[in-house]
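Below you'll find the structure, written out as structure tokens, and then a few comments.
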Ligand code: FAD
Ligand code: NAD
């Protein structure tokens, strides 16, 4: 093999974390290579990682298609709109999703070109002394050497030993984004983010959906009142959510179109078996590190298989960094974005930093769920004194005019300083509204600041205004 090609920064993985790191490093004048092994549905290299290929973007495309379809049957009538024979063409819907994916994965290739990031397409392994060997898709091998190497290998779906993915009947997110028809009966293991989002997609299109969650609490990480409201709304939509359900078996029977899967679980009603056409397993993801590290790199994995890093995403090995889903912290694209930028800036000698306290969470169901900061449960555990103010969307003119009155906003502030500690929302459009809380917290704002900022009328954001006023019992549009 010829001499290794030399770069200032070699990034392994072109997902949200990796492509942000690569582009930012290139903007800062560094010579950058970025390697990714993934292929798109057309068998061609596709940059952008899980997020663009089989995660954030395709799931939101299907959520939006299915929401339009659901609204035809459940919202349009109230607006006086009628129609005959609404039908969903699943092929066309999935085709639209694929087109969006292609546009955005291709967009990363264009951004690399514009920023002079050199892409390599193949599987990369880190060797000692920051040498990276890439097995390219054509079978050839190239060797790169980086003054810095950033590991951004992402994550893979966790498989259950008794429910192995077959890509057809028992699937993870990849399969559930590509069903060719609406399954009559769908079971989902795991009432987490993927289970709820993709369960909602197929429910809205007509599937009978049963969600089996092992824990006794629904969405334990969310504010308890938000979780309760969301659960009530999802059940109203017909999602059958079974909590405390321990699944023990999934058996596929039949052939071709007649394939079905018998799922056995035990809950408070004892052991039961349900038979469904498709089973989505969404029980979490684990860091992807298989084949990434050759012997002797010195990079350590923790007991969860994540690459060990300090608060600056440094692995402890000179010039080797790791970011995104393959390290600790929430598995969110925007967390990866921020780590990618921060590490590129640190490499360039700038003060890169990620504030984990203000990373927003969003679940793109209907109603949407979003939060930033601490929940009441967490503050109680930490012994932090706090006060809250809530406001329902049912009293917000804009939400009612839209026919979307479900949900509420809750502001949590420190009992003594009034500083905003958390913003919790469930309702229409809250994926956008949550950033008002992010901003308030980043600027160390108080509930009084939020209450005194002029909010346009009529907008959904008025729910935050009134909730902030309710913290000191001075909301105008409800009894305090
Ligand atoms: P990834 O996106 O996983 O990218 C890693 C890349 O590295 C991959 O392309 C992989 O092929 C490549 N790679 C790995 N190892 C090697 C190697 N050795 N050599 C070469 N290439 C390699 N997050 C949100 O914030 N919002 C959402 O709405 C959202 N929706 C989601 C929906 C679904 C269905 C799923 C599955 C995830 C969703 N996520 C969402 C999570 C989000 O996709 C991830 O947090 C994000 O993609 C992580 O980015 P990353 O760059 O760390 O890793
Ligand atoms: P998750 O951690 O959100 O949810 C997994 C759920 O499965 C949990 O509620 C867990 O208690 C349950 N579970 C685990 N083992 C089980 C078992 N054997 N039987 C029944 N239930 C079981 O994981 P996910 O939904 O797979 O998503 C993975 C990650 O992807 C998430 O952590 C999230 O960070 C990311 N993601 C984010 C978004 C978003 O931001 N909107 C969307 C999708 C995915």
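Even glycines carry a Cβ here, placed using N, Cα and C.
Computed from a predicted structure; not experimentally measured.
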### Query
Looking at TrEMBL, 190, 191, 192, 193, 194, 195, 196, 197, 284 are annotated for NAD(+). Which of 208, 213, 271, 295 sits in that same site?
213
#### Entry: Integer Å distance between the CA atoms belonging to residue 192 (NAD(+) binding site) and residue 51 (disulfide bond)
17
### Summary
Quick note, residue 56 (disulfide bond) and residue 213 (NAD(+) binding site): C-alpha atoms separated, nearest Å, by 22
### Query
What are the DSSP helix/strand/coil residue counts across the domain 'Pyridine nucleotide-disulphide oxidoreductase dimerisation' (359-467)?
41 helix, 33 strand, 35 coil
#### Entry: recorded positions near ligand 2 among 51, 56, 196 (Cβ under 6 Å)
none
#### Entry: 8 Å Cβ shell about 190, 191, 192, 193, 194, 195, 196, 197, 213, 284 centroid, NAD(+) site members excluded
188, 199, 211, 282, 283
### Message
For a Cβ distance below 6 Å to any atom of ligand 1, name the binding-site residues from 190, 192, 196, 213 that qualify, or say none.
### Response
none
### Query
For the domain 'Pyridine nucleotide-disulphide oxidoreductase dimerisation' (359-467), what is the mean per-residue pLDDT, to the nearest integer?
98
## Note on the structure
Record-listed NAD(+) binders 190, 191, 192, 193, 194, 195, 196, 197, 213, 284 have a maximum CA to CA distance, in Å, of 14
